[in-house]
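S.K.: This is the structure, below, for whatever I ask next.
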Amino acid sequence: TLTEALMCAGNHTLLTDFVLSGLSSRPELQHLLFFTICLVYSMTVFGNLLICMVTVHPTLHMPMYFFLRVLSFLDISTASVVVPKMLANLLAEDRSISYPGCVTQLYCVVFLGATEWYLLAAMAYDRYVAICSPLRYAAIMNTRACLSLVLLCCCSGNVVSVVQTAWVFTLSFCGPRRINYFFCDIPPLIRLSCSDTSLYEKQIISATVLVILTPFCLILLSYACIISSILKISSAESRHKTFSTCSSHLTVVTLYCASGTLIYLQPKSIYSPDTKKILALIYTTVIPTLNPLIYSLRNKEVKEVLIRVM
């Protein structure tokens, strides 16, 4: 038809909406998935809100807990961008998402994800200064420096998100409008495009290196210096206490890096769509739930304040 010809010519603005396939097409699993994900989402919101409340306690007025509070806010936001629409689609017959809604969701997911990665790098720098330069810690990591780092993380995440979102939606979508995913993300949208995406796939790999692997390498470098300093501490108890404050952060970073790189480093990889969905579910839903548990259960100071508050 004339409409299809125009769309194939690149006029993708004629596409008014997309259809999200969701996590599973099996009707018997929809209610089970709904209640399971609803429970996980509730735990994410409650746990991260609790961390936000606990870390404003006077005994936890340190840069480390300020960054942790921002991380919890980002976790709530990431889950809230993805999960409510996913829950609605599990029970609804109409799983469509408008074109502007898809653009907005993709922008938010990329912005929050990139900002969180840069924030994790800032948290590693904070631990590096605290352990390797303890006498200068208060002067270096003052309130202004902490706010500047968070603002820099947000601005960097915004630049990455604007560029990625703009580039994705300059592609032509002239084929089926069904996205084999549970939210609007870069890899499934690329598969849906009828344009030549080879150049864009290379750009996605470059963006993944910039957003995930570069901060990850900086984090590893920080922890190499931290471990070197820890080994010089004579007291075994002090070594254990110092390392325990860093192990929580390193655990979160490892989880994010493993799932994030498998999703974005190869946009058209050999992994099946279902495998990609599981990885995306871990990245956007499961890890934000684990963060409060990791940070609270492995941090003595947070546990003490949490017990006091409860």
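Here the Cβ of each residue, glycine as well, is placed from N, Cα and C on the backbone.
Those TrEMBL annotations? Automatic predictions, nothing curated.
Got these off TrEMBL a minute ago, pasting:
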DOMAIN    47-295  domain 'G-protein coupled receptors family 1 profile'
TRANSMEM  32-54  transmembrane segment
TRANSMEM  66-84  transmembrane segment
TRANSMEM  104-125  transmembrane segment
TRANSMEM  146-169  transmembrane segment
TRANSMEM  204-231  transmembrane segment
TRANSMEM  243-266  transmembrane segment
TRANSMEM  278-297  transmembrane segment
S.K.: If we skip the immediate neighbours and take only residues 6+ beyond the ends of the transmembrane segment (278-297), which ones have a Cβ under 8 Å from one of its Cβ atoms?
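M.R.: Here the qualifying positions are 23, 37, 40-41, 43-44, 47-48, 50-51, 54, 68, 71-72, 75-76, 78-79, 82-83, 109, 113, 181-183, 185, 248, 251-252, 255-256, 259-260, 262-263, 271, 303, 306.
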S.K.: Determine which residues of the chain contact the transmembrane segment (204-231) at the Cβ level, with the cut-off under 8 Å and only residues 6 or more beyond its ends counted.
M.R.: 113-114, 117-118, 120-121, 124-125, 127-128, 131-132, 160, 163-164, 186, 190, 239, 242-243, 246, 250, 253, 256-257, 260-261, 264-267
S.K.: What parts of the chain pack near the transmembrane segment (104-125), using Cβ distances under 8 Å and only residues at least 6 beyond its ends?
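M.R.: Sequence-remote neighbours of the transmembrane segment (104-125) are 64, 67-68, 70-71, 74-75, 77-78, 81-82, 85, 97, 149-150, 152-154, 156-158, 160-162, 164-165, 168, 183-186, 189, 211-212, 215, 218-219, 222-223, 249, 252-253, 256, 260, 283-284.
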S.K.: Using Cβ atoms and a strict cutoff of less than 8 Å, what residues sit near the transmembrane segment (32-54) while being 6 or more residues removed from its termini?
M.R.: 23-24, 60, 68-69, 72-73, 75-76, 79-80, 83-84, 86-87, 90-91, 285-286, 288-289, 291-293, 295-296, 302, 305-306, 309
S.K.: By Cβ distance under 8 Å, which residues at least 6 away from the ends of the transmembrane segment (66-84) in the same chain are close to it?
M.R.: 37, 41, 44-45, 48-49, 51-52, 55-56, 105, 108-109, 112-113, 115-116, 119-120, 122-123, 126, 146, 149-150, 182-183, 284-285, 287-289, 291-292, 295
S.K.: Find the average pLDDT over the domain 'G-protein coupled receptors family 1 profile' (47-295) in the predicted model and report it.
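M.R.: It averages 84.
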